[in-house]
Amino acid sequence: MKKNKCQAVFFGTPDFAVPSLEALSKASAKGGQAFCNIKTVVTQPDKPVGRHQSKPVPSSVKQACQRLKLPVLEGLDSLKDVEADLGIVVAYGEILPKWLLDHFPLGIVNVHPSLLPKYRGPSPIQAAILNQDKETGVTLIKLDDKIDHGLIVAQENHPLTPSWVQEGGRFSGHTFLSLTPPPLPRRGLGGGPSAGQLHDHLSQIGADMLIKYLPDYIAGKIKLKPQDDSKASYTKKLTKQDGKIDWKKSPQEIEAHVRAMNPWPGAWTMWRGKRLIIWKASLNRHPERSEAESRDLIVYPRDFGQRLTSLWLASTPACPEYARGGRNDVLNFEEVQLEGKKKMPFAEFAKGHPEFLNTTFFF
């Protein structure tokens with residue numbers, strides 16, 4: 001007797017979920033009995049966006065469903081009458097109720113962009129960059145009634161360094177089965193991808209992992225592993241205030257902060273009563289600074305044979321704890337945006353605002 005194909009409900013809302021939905025839809029169309037069929041998709045209701053918020057806009061997942069011709073539901077109550085074997089959650093944006101966890105015979109599989117139990121919660125990508133981790137990854141878990149706590153279905157590690165670049169369609173031994181990921185950038189000292197770049201990359205790794213592991217999960221061939229709660233750490237939902245630059249920190253920490261806050265909320269500081277967002281920055285080693293000078297904290301221009309618009313975190317004995325920065329590093333601003341203005345290269349901004357080059361940032 002021929003077994004019926006697994007029926008699945010997909011839960012997702014933002015851009016991060018779209019690659020997974022596309023990959024599952026494609027696999028369902030040509031995967032035969034080994035894979036699941038997307039019976040319906042659940043997403044958050046249309047919401048106003050933009051400065052004026054005048055017109056509700058459908059979620060990225062809803063727009064993808066319209067393109068893929070998949071049925072869409074908004075809200076969870078309507079699922080009580082939907083019969084399906086499996087739930088798949090990718091950034092749905094809401095904690096699922098207990099009754100729904102019990103609704104699917106095969107449970108609910110969730111895609112989380114960290115190496116669980118590290119960085120449970122809503123901002124794991126930013127946390128990995130802020131903490132200057134050497135690696136990150138994606139974890140598939142079977143959801144339970146605690147946040148990002150469920151049994152591990154699969155987990156893949158990926159280095160998080162400036163040398164993480166694409167070579168022949170592979171990233172550090174990982175072959176992409178469903179999609180071609182964007183290459184991650186090479187940067188100067190410190191360096192690495194922004195949160196936006198890492199978000200896009202991990203979203204496609206998550207999609208690939210669903211295609212790779214779901215057939216065996218559905219067939220009961222994967223041994224689920226409990227998370228080690230003693231190693232758990234948690235992240236919070238970011239606010240605009242989290243983007244504020246703390247000038248007491250080292251150049252390395254500030255450069256990581258700039259990447260972690262891009263694209264939202266943006267790493268910012270106040271200058272002449274206006275918010276100045278630093279969208280891109282990089283580190284370089286100053287050839288002449290002594291170890292004593294590296295303890296300094298005023299920001300001012302220094303031409304040492306590179307760009308005239310380089311900024312140097314330099315010179316005030318008022319902040320001895322800055323010594324923990326340790327190295328002769330120069331923080332270069334590369335792209336900025338003054339409140340009410342457009343993004344621009346820092347050289348262009350400095351040309352239009354030469355007074356900025358004598359700025360001291362107080363804290």
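From the backbone N, Cα and C atoms, a Cβ is placed for every residue, glycine too.
According to its DSSP assignment, SER114 ((6S)-5,6,7,8-tetrahydrofolate binding site) is coil. Around SER114 ((6S)-5,6,7,8-tetrahydrofolate binding site), the C-beta neighbours below 8 angstroms that are at least 6 residues distant in the chain are ARG120, PRO124, ILE125, ALA127, ALA128, THR136, GLY137, VAL138, THR139. Marked as (6S)-5,6,7,8-tetrahydrofolate binding site by TrEMBL: SER114, LEU115, LEU116, PRO117.
The domain 'Formyl transferase N-terminal' annotation in TrEMBL covers 9-162. Across the domain 'Formyl transferase N-terminal' (9-162), the prediction's mean pLDDT works out to 93.
Residues or ranges marked as domain 'Formyl transferase C-terminal' by TrEMBL: 237-353.
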- request: Report the same-chain neighbours of LEU115 ((6S)-5,6,7,8-tetrahydrofolate binding site): residues 6+ apart in sequence with Cβ closer than 8 Å to its Cβ, ordered by sequence.
  value: GLU135, THR136, GLY137, THR139, GLN155, ASN157
- prompt: Which Cβ among the binding-site residues (LEU116, PRO117) has the fewest C-beta neighbours inside 10 Å?
  reply: PRO117
